[in-house]
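Noted in TrEMBL for the protein shown:
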type	residues	note
DOMAIN	26-66	domain 'Leucine-rich repeat-containing N-terminal plant-type'
DOMAIN	75-172	domain 'Disease resistance R13L4/SHOC-2-like LRR'
SIGNAL	1-21	signal peptide
Amino acid sequence: METSVLTFVASLATLLAIYWAGIVSSNSEGDALYALRSSLSDPDNVLQSWDPTLVNPCTWFHITCNQDNRVTRVDLGNSNLSGHLVPDLGRLEHLQYLELYKNNIQGTIPAELGNLKSLISLDLYNNNLTGTIPQELGNLKSLVFLRLNDNHLTGRIPRNLAKIYSLKVVDVSSNNLCGTIPTTGPFEHIPLNNFESNPRLEGPELQGLVAYDMNC
C-alpha cells in the first residue's frame, strides 16, 4: 500500500512539475511579447488584448500558439505600429513566423533573433529599420523566407546566410547595402531584382577572382 501511495505521489509531482514548467514558459513568452508591446506605439490599439496578467499569451489577438501553448506566430503586419524591436523576441524559441511588415518600426534588427531556431519566415519589409543585417541570422537553419526589403539597412549581406539551405526567398532590395551579392548555396536561385535599389551594392561576386565587399 505504501509503495502505491509513494508511486502516486511521485507521478503527481511529475505532472505538477510539467504543468508549472509549461506555465513558466508561457509566462516567459508573455513577458517577451509584452516587452515588444511596451516598445511600440500603437495608435490603432491592435495590441489592446496583450494583457500581461494572463497565464499565457495564447488568448491575445495576433498571436498563434501550438497545442503546448507555445507561441508559434506573431502576425502584426500592416498594423500602423512604430517604435523599436526588442532583444526579448529571441526568447520565443518555438516561433515560426514573425510578421511585422508594413509598419513604421525603426532602429536595428536585434541579433537575438538568431536564437529563433524554429523560425520559417522573417518578414520585416517596408519599415524604417537601420543598421546592419545581423550575422546571427545565419543560425536560423529552418528559415525559408527572409524579407527585409524597403528599409534603410547598411553594410554587407552576411555570407553565413548562404549556409541556410532551406532558404527559398531572400529580398533585401531598396536598402543601402554595400559589397557584392553572394552566389553560393540558396543564393544561386535568388533573382537579381531581389537585390536592386541598393546604390552601393555591386553585382554577384566572382568566386576566387576578386575580393568582395571592397566598397564597404
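Cβ coordinates are placed from backbone N, Cα and C, and glycine is handled just like the others.
Remember, it's a predicted structure, so these values are computed and weren't measured experimentally.
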Sequence-remote contacts (6 or more beyond its ends) of the domain 'Leucine-rich repeat-containing N-terminal plant-type' (26-66), Cβ cut-off under 8 Å?
72-76, 79-86, 88-92, 94, 97, 105
Write out how many residues of the domain 'Leucine-rich repeat-containing N-terminal plant-type' (26-66) are helix, how many strand and how many coil, based on DSSP.
17 helix, 5 strand, 19 coil
Let me know the model's mean pLDDT on the domain 'Disease resistance R13L4/SHOC-2-like LRR' (75-172).
98
With DSSP, how much of the domain 'Disease resistance R13L4/SHOC-2-like LRR' (75-172) is helix, how much strand and how much coil, in residues?
20 helix, 25 strand, 53 coil
